[in-house]
Amino acid sequence: LQGIFVLGLPYALLHSGYSGLLLIVLAAALCCYTGKILIACLYEENEDGQLVRVRDTYEDIANACCKKLSPSLGGMVVNVTQVVELIMTCVLYLVVSGNLLSHSFPYVPVTEKTWSVIAFVSLLPCIFIRTLKIVSKLSQLCSLVHFVIILVVITYCLTQIHQWSWAKFRLSLEFEDFLVSVGVIIFSYTSQIFLPTLEGHMKNPGEFRCMLNWTHFFACVLKTTFALTAFLTWGEKTKEVITDNLPLFFETLVNLCLLTKALLSYPLPFFAATEIVYSYISKGNCSNYRSPLLALAVRGSFLLLTLLMSMFTPHFALLMGLSGSVTGAAMTFLLPSLFHLKLKWKKLSFLEKCADISVFILGLLCSFAGIVCSIKGLLEVFG
């Protein structure tokens with residue numbers, strides 16, 4: 001999910017300067033921390049003092065926290081937030097696909113929105129995906145394409161090292177642009193909604209914390225290197241989608257790879273979102289489709305919804321910033337810290353409580369400010 005959004009990081013550096021580099025590192029550290037405390041909420045101590053996994057999903061954690069108010073209120077809030085984030089991710093894939101096709105074939109008299117419709121047509125078979133097995137195979141191909149893309153862009157940037165200058169970094173920042181950049185950077189790290197399932201399927205769940213440390217470390221190094229080399233190469237000319245800055249041949253080559261990656265990535269968030277909705281419609285029986293027509297209707301409605309949203313909100317960076325500010329901040333910072341405090345309050349040390357409260361306040365401020373600035377930016381774009 002994160003790969004395609006790395007393209008917005010150089011643009012985020014353009015508006016955040018040196019602080020953007022710090023934000024990339026800080027976001028990695030905070031996301032790693034909230035991932036750990038989220039998984040900690042899945043476990044409780046038994047009579048022998050041993051940790052036992054008593055919950056399986058993000059929804060279960062939310063329900064446990066809100067059971068005094070309502071048995072299903074917390075899970076409903078989490079699922080709504082998850083669905084919104086997943087839909088926004090699908091929309092961004094369509095927006096990116098239209099942008100990539102438009103810049104890959106500039107001489108074809110077709111608008112970017114029309115290219116998005118063409119990309120949408122190729123995604124129609126998603127309606128018939130019923131199992132995660134197919135989605136996982138597509139995701140494996142995405143990983144291979146992703147590394148090829150990053151390698152090509154960084155290699156080209158290294159050939160332009162003679163043009164690099166640290167003077168390209170801004171010392172003075174526009175506060176609103178900076179907050180939009182915060183949303184972009186946060187969204188590039190969001191993965192909390194998948195962590196409970198991932199930890200539950202590990203052969204050795206005890207290695208989860210170590211795995212999380214290393215993956216966030218390498219993700220931070222990769223994103224910092226990519227964003228830094230790209231921004232130092234193009235400076236003030238850095239565009240929202242960094243591939244637009246490449247020479248025509250490399251731009252076309254990389255854009256076609258990115259298009260392939262975007263289209264192959266779309267089924268994962270799409271499948272996850274439709275499964276959540278259908279599980280409510282079918283009263284929790286999401287694995288056995290008793291009504292094939294209803295399942296097709298749900299998937300078809302979601303597919304059409306993502307197309308309509310991509311047609312009317314095609315501004316890539318601002319849309320990504322809004323998504324990161326609303327759902328990304330909630331799922332990554334607000335809810336994990338809140339749930340951890342609620343479920344583990346009596347067992348937490350003073351410093352752990354301070355850490356959770358600080359993360360919650362930081363996430364709340366970033367979310368509120370990012371929402372205001374992103375919406376304002378979108379309104380300005382559409383006049």
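In case you wondered, yes, glycine gets a Cβ from its N, Cα and C as well.
Quantities reported herein were computed from a predicted structural model and do not represent experimental measurements.
If you check TrEMBL, you get these features:
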- 2-375: domain 'Amino acid transporter transmembrane' (DOMAIN)
- 20-43: transmembrane segment (TRANSMEM)
- 77-95: transmembrane segment (TRANSMEM)
- 115-132: transmembrane segment (TRANSMEM)
- 144-166: transmembrane segment (TRANSMEM)
- 178-198: transmembrane segment (TRANSMEM)
- 210-233: transmembrane segment (TRANSMEM)
- 253-281: transmembrane segment (TRANSMEM)
- 293-312: transmembrane segment (TRANSMEM)
- 318-339: transmembrane segment (TRANSMEM)
- 359-379: transmembrane segment (TRANSMEM)
Same-chain residues near the transmembrane segment (253-281), Cβ under 8 Å, at least 6 residues beyond its ends: 1, 3-4, 7, 79, 82-83, 86-87, 89-90, 93-94, 96-97, 100-101, 103-104, 119, 122-123, 126, 129, 132, 134-135, 138-139, 141-142, 145-146, 148-149, 152-153, 193, 243, 246, 289, 294-295, 298-299, 302-303, 306
Contacting positions for the transmembrane segment (115-132) when only residues 6+ beyond its ends and CB under 8 Å are counted: 94-95, 97-99, 101-102, 259, 262-263, 266-267, 270-271, 289, 295-296, 299-300, 303, 306-307, 310-311, 314
Annotated stretches the transmembrane segment (77-95) and the transmembrane segment (210-233) touching (3 or more Cβ pairs under 8 Å): no
